[in-house]
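Quick notes on the structure that follows.
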Amino acid sequence: MEDEISSFWGPVTSSTDWCEPNYVYSSYIAEFFNTIGNIPGILLALIGLVNALRQRFEKRFSVLHLSNIILAMGGMLFHATLQRLQQQGDETPMVWEMLLYIYILYSPDWHYRSTMPTFLFLYGAIFAVVHSQIRFGIGFKVHYAVLCLLCIPRMYKYYIYTEDISAKRLAKLYVITLFLASLCWLCDRVYCKKISGWYINPQGHALWHVLMGFNSYYANTFLMFCRAHQRQWNPKVKHLMGLFPYVKIEKPKAQ
């Protein structure tokens, strides 16, 4: 929906305009709640990044947490402006992040080690160029869903081979937050007209961003545990301030 309200960014040029009314709280922010809904994801990714750097995890995990931050910032810019360029700045990092997850999940057992990162890099670069010229619409959503589905078999394999109860709980929280986030996203899209008539709008898409911030954090922490276990770093799940799980490792002195 495009509201007849003065805005700093001008008319909506993105291919998607969400259920939240535009420019209600500020002429500089098109969708206020959808914009600030990305903040928890940034803060959680910062926690993960600090832990990865402090304990000297492999660089792939620092890059993964950074990609979460970039994705959340892209989401903030997109929902704040509802412009086509900012939409691409949100959607392209979504694909790049999934390619990074595929690399982290499958690379430990990939025998031709140089081929996977080369292929994924070229795939991401080509997608970025094509996406800058073409609006995919529903095609983008299908493409993104396929990339997500490619990760599920390996995540399930890691889950069934993980014996640590705390680590298994991370995987369960990953599934729960993904389900709840998807439900919020779907309801916001399908029942927008009905929800807009309620006295209080539950802001389903903003909740999607909040839950996906937690979802990414749980996924990253679980993968860090699994990788540390592969490297025999004696990983343990601890909690920051009793709330936020993180992985504590003990590397052998030779490493």
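For all residues, glycine too, the Cβ spot is worked out from N, Cα and C.
If you look up TrEMBL, you'll see ASP17, TRP18, GLU20, ASN22, GLU31 marked as Ca(2+) binding site. Take the CB of TRP18 (Ca(2+) binding site) and look out to 10 A: across all protein chains shown you find 24 other CB atoms.
According to TrEMBL, the feature transmembrane segment maps to 32-51 (among others).
As annotated by TrEMBL, transmembrane segment applies to 63-82 (among others).
Sequence annotations record features per position, and here TrEMBL assigns Zn(2+) binding site to HIS79, HIS205, HIS209.
Look at TrEMBL and you will find 119-136 (among others) tagged as transmembrane segment. Long-range contacts of the transmembrane segment (119-136) within the same chain: residues 15, 84, 88, 91-92, 95-96, 99-100, 102-103, 143, each at least 6 residues beyond the stretch ends and with a Cβ under 8 Å from a Cβ of the stretch.
Among residues of the same chain six or more beyond the transmembrane segment (173-191), those with a C-beta under 8 A of the stretch's C-beta atoms are 18-19, 155, 202-205, 207-208, 211-212, 214-215, 218-219, 222. Per TrEMBL, the feature transmembrane segment maps to 173-191 (among others).
Residues or ranges marked as transmembrane segment in TrEMBL: 206-226 (among others).
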Counting Cβ atoms within 10 Å across all protein chains shown, which of the binding-site residues HIS79, HIS205 comes out on top?
HIS79
For the transmembrane segment (206-226), distant same-chain residues with Cβ under 8 A (at least six beyond the ends):
20, 33-34, 36-38, 40-45, 47-48, 51-52, 57, 61, 64-65, 68, 72, 75, 101, 104-105, 155, 158, 162, 164, 167, 170-171, 173-174, 177-178, 180-182, 184-185, 188, 235, 237, 244-247
TRP18 (Ca(2+) binding site) and HIS79 (Zn(2+) binding site), distance between Cα atoms, whole Å:
9
Rounded to the nearest angstrom, how far is the Cα of HIS205 (Zn(2+) binding site) from the Cα of TRP18 (Ca(2+) binding site)?
8
